[in-house]
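Here's the structure we're looking at; comments come further down.
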Amino acid sequence: MGGKQRDEDDEAYGKPVKYDPSFRGPIKNRSCTDVICCVLFLLFILGYIVVGIVAWLYGDPRQVLYPRNSTGAYCGMGENKDKPYLLYFNIFSCILSSNIISVAENGLQCPTPQVCVSSCPEDPWTVGKNEFSQTVGEVFYTKNRNFCLPGVPWNMTVITSLQQELCPSFLLPSAPALGRCFPWTNVTPPALPGITNDTTIQQGISGLIDSLNARDISVKIFEDFAQSWYWILVALGVALVLSLLFILLLRLVAGPLVLVLILGVLGVLAYGIYYCWEEYRVLRDKGASISQLGFTTNLSAYQSVQETWLAALIVLAVLEAILLLMLIFLRQRIRIAIALLKEASKAVGQMMSTMFYPLVTFVLLLICIAYWAMTALYLATSGQPQYVLWASNISSPGCEKVPINTSCNPTAHLVNSSCPGLMCVFQGYSSKGLIQRSVFNLQIYGVLGLFWTLNWVLALGQCVLAGAFASFYWAFHKPQDIPTFPLISAFIRTLRYHTGSLAFGALILTLVQIARVILEYIDHKLRGVQNPVARCIMCCFKCCLWCLEKFIKFLNRNAYIMIAIYGKNFCVSAKNAFMLLMRNIVRVVVLDKVTDLLLFFGKLLVVGGVGVLSFFFFSGRIPGLGKDFKSPHLNYYWLPIMTSILGAYVIASGFFSVFGMCVDTLFLCFLEDLERNNGSLDRPYYMSKSLLKILGKKNEAPPDNKKRKK
């Protein structure tokens with residue numbers, strides 16, 4: 001009865017793969033797949049390139065990278081090449097009117113003249129009454145105070161220049177931050193109109209001190225990297241060696257290591273059960289019950305009631321029981337999983353070039369991200385600059401008839417205007433053109449292009465690695481039958497025939513990810529809503545989309561393996577992979593969990609080892625090191641430690657992603673091998689002898705005078 005039921009289940013998920021005498025691993029004679037999707041993808045990329053060209057033609061990222069003076073000219077460029085900093089004549093008017101940081105980021109809307117300077121003022125200075133009658137040249141130019149607006153004549157009196165706001169009336173010790181001169185908080189400002197006390201000024205400047213501190217911190221961080229970059233590279237090299245050794249040694253220690261890890265998980269769960277029981281017993285004796293607490297939104301309060309620890313105890317006990325039952329009844333499948341891990345280690349050892357393919361993926365991902373970032377930046381800064389007339393005090397005599405806020409030419413000479421302080425200032429960028437009106441849509445196009453290209457690059461890496469590892473499994477005589485350049489052959493084959501299939505799978509995943517991003521945006525906007533029903537619905541939607549994304553990633557991964565082997569289109573490959581996995585669902589679950597546990601331990605070993613070594617080295621806690629190996633003196637010794645840990649995690653993830661792809665590929669090949677062959681002379685198994693031994697199978701030995709042909 002059990003065999004009949006199993007046959008019916010197999011029929012529900014398709015028929016087993018039939019024997020094909022012509023099959024010798026990844027098919028070489030194949031044709032292009034999903035051509036329509038390939039054409040759409042190439043057209044989309046062409047449009048993406050056009051968007052980038054348009055953004056480059058119309059965009060001007062200098063407004064983000066460089067500050068502008070009152071006339072809209074860039075500091076540090078062109079005629080102001082030797083004047084990289086921006087000085088505000090009266091920065092307190094900025095502080096009193098708005099947030100200076102937002103003013104600096106959103107344009108020159110600060111109500112005070114601004115001028116490009118070669119260096120920020122270092123000493124405090126205020127115009128004295130006895131200097132009002134002197135000329136600008138005597139007070140400013142000859143005393144190296146080159147802070148007036150361009151074009152102010154030498155013979156103009158100081159009082160006139162101050163009335164027209166052509167020169168500053170005071171200077172404060174300042175330091176550059178964000179390309180602008182900001183004063184320190186401990187300076188004493190002069191008496192200014194509209195400011196009644198120093199507290200207002202101090203409160204305003206305190207908003208700037210974070211930027212200045214950030215500048216100091218950034219300088220120290222740069223110094224630390226300059227001092228420790230060599231040792232960070234050494235730490236990353238150690239991470240690379242550890243990752244490689246861990247994978248290569250799995251063929252020797254996979255079995256004992258998996259057993260130790262499983263026993264370790266059992267031990268952790270057992271300790272958790274013991275701890276929960278002790279907490280439950282103490283609270284039970286105290287009589288602390290949830291009925292006394294009632295309902296509360298303070299989750300930490302539930303730690304003080306016995307029901308919480310009882311529920312945790314039950315959950316951990318159930319998990320412990322499930323794991324024990326799996327260890328008892330699924331030990332055969334665990335042995336198969338261990339054997340596949342050993343086989344994957346051998347495959348990686350035979351094709352060491354696969355371990356460095358993540359570098360190719362990383363470079364391609366970096367190109368995609370950099371292209372999107374530059375395109376988005378240029379699009380955001382597209383538009384023609386707009387200039388308007390502006391005066392600090394429009395009620396001054398002579399300003400009544402001046403058309404304030406009307407368009408003007410910044411090159412016009414306004415010094416002799418009857419309105420004091422009248423200037424043609426930069427207002428912003430025009431949004432009237434076709435490109436400017438379409439910026440939002442083009443940005444959406446760019447985001448879609450970012451997700452699609454990133455997913456396509458990841459799909460390319462998975463399919464290429466699958467093709468290389470499949471050629472290893474289906475080589476009957478190893479290593480003689482393995483192709484000479486399996487990775488390069490798989491790369492060329494994938495690009496030539498299956499660009500469309502990869503684009504199809506990447507597009508499906510992209511649409512789900514875009515939906516998740518939109519949902520996260522809606523959730524962020526509705527975060528203030530207190531309706532519990534709405535929050536619950538939103539949480540359910542987010543959970544469903546997260547599960548859908550995980551499932552599609554899993555399905556795509558196995559579909560790419562089938563594409564690499566058989567050269568079918570995406571839908572057929574996804575269907576065949578899904579049916580094959582469902583016919584062996586228990587083996588799939590066991591292998592997946594064993595592999596996840598092993599790779600998690602591997603990452604923990606590599607990252608933890610590099611982290612511990614980095615900590616003891618950079619903190620100077622390793623005695624006896626020679627002069628050449630002495631740790632550098634750092635401002636923040638944790639900075640290279642965290643950098644080393646992050647780099648080690650990235651390296652370990654790259655290496656173990658290759659190993660994980662190898663395991664998945666060999667597993668699908670193993671399942672097909674079981675269905676396709678029977679061990680006879682005509683249909684021998686391709687799996688290793690250890691797998692044959694675990695399964696209780698063997699290949700029929702050929703006669704002495706014959707050699708098996710494959």
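Every residue, even glycine, has its Cβ placed from backbone N, Cα and C.
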Among ASN29, ASN416, residue that the record in Swiss-Prot marks as N-linked glycosylation site: ASN416
Topological domain name match (Swiss-Prot): VAL388 vs VAL586, membrane: no
Listed as N-linked glycosylation site by Swiss-Prot, one of ASN186, ASN197: ASN197
Range annotated as transmembrane segment - as stated in Swiss-Prot, picked from 72-92, 639-659: 639-659
N-linked glycosylation site according to Swiss-Prot, picked from ASN69, ASN678: ASN69
From 157-177, 598-618, the residue range that Swiss-Prot assigns the feature transmembrane segment: 598-618
Any contact, the transmembrane segment (598-618) to the transmembrane segment (230-250), with at least 3 Cβ pairs under 8 A: yes
Position of peak Cβ density within 10 Å, selected from the glycosylation sites ASN69, ASN155, ASN405: ASN69
Summary of DSSP states over the topological domain 'Cytoplasmic' (477-501), given as helix, strand and coil counts: 15 helix, 0 strand, 10 coil
Paired segments the transmembrane segment (502-522) and the transmembrane segment (35-55) in contact, 3+ CB pairs under 8 A: yes
DSSP three-state assignment for ASN405 (N-linked glycosylation site): coil
CB contact flag for the transmembrane segment (35-55) and the transmembrane segment (310-330), at least three pairs under 8 A: no
Cα distance (Å, whole number) from ASN405 (N-linked glycosylation site) to ASN155 (N-linked glycosylation site): 31
Spatial neighbours of the transmembrane segment (561-581) far in sequence, C-beta under 8 Å, 6+ residues away: 13-14, 17, 25-27, 30-31, 33-34, 37, 462-464, 466-467, 470, 490, 493-494, 497-498, 501-502, 504-505, 555, 588, 664-665, 668-669, 671-672, 675
Contacting positions for the topological domain 'Extracellular' (523-560) when only residues 6+ beyond its ends and CB under 8 Å are counted: 459, 462-463, 466, 502, 505-506, 508-509, 512-513, 515-516, 570, 573-574, 577-578, 581, 661, 664, 668
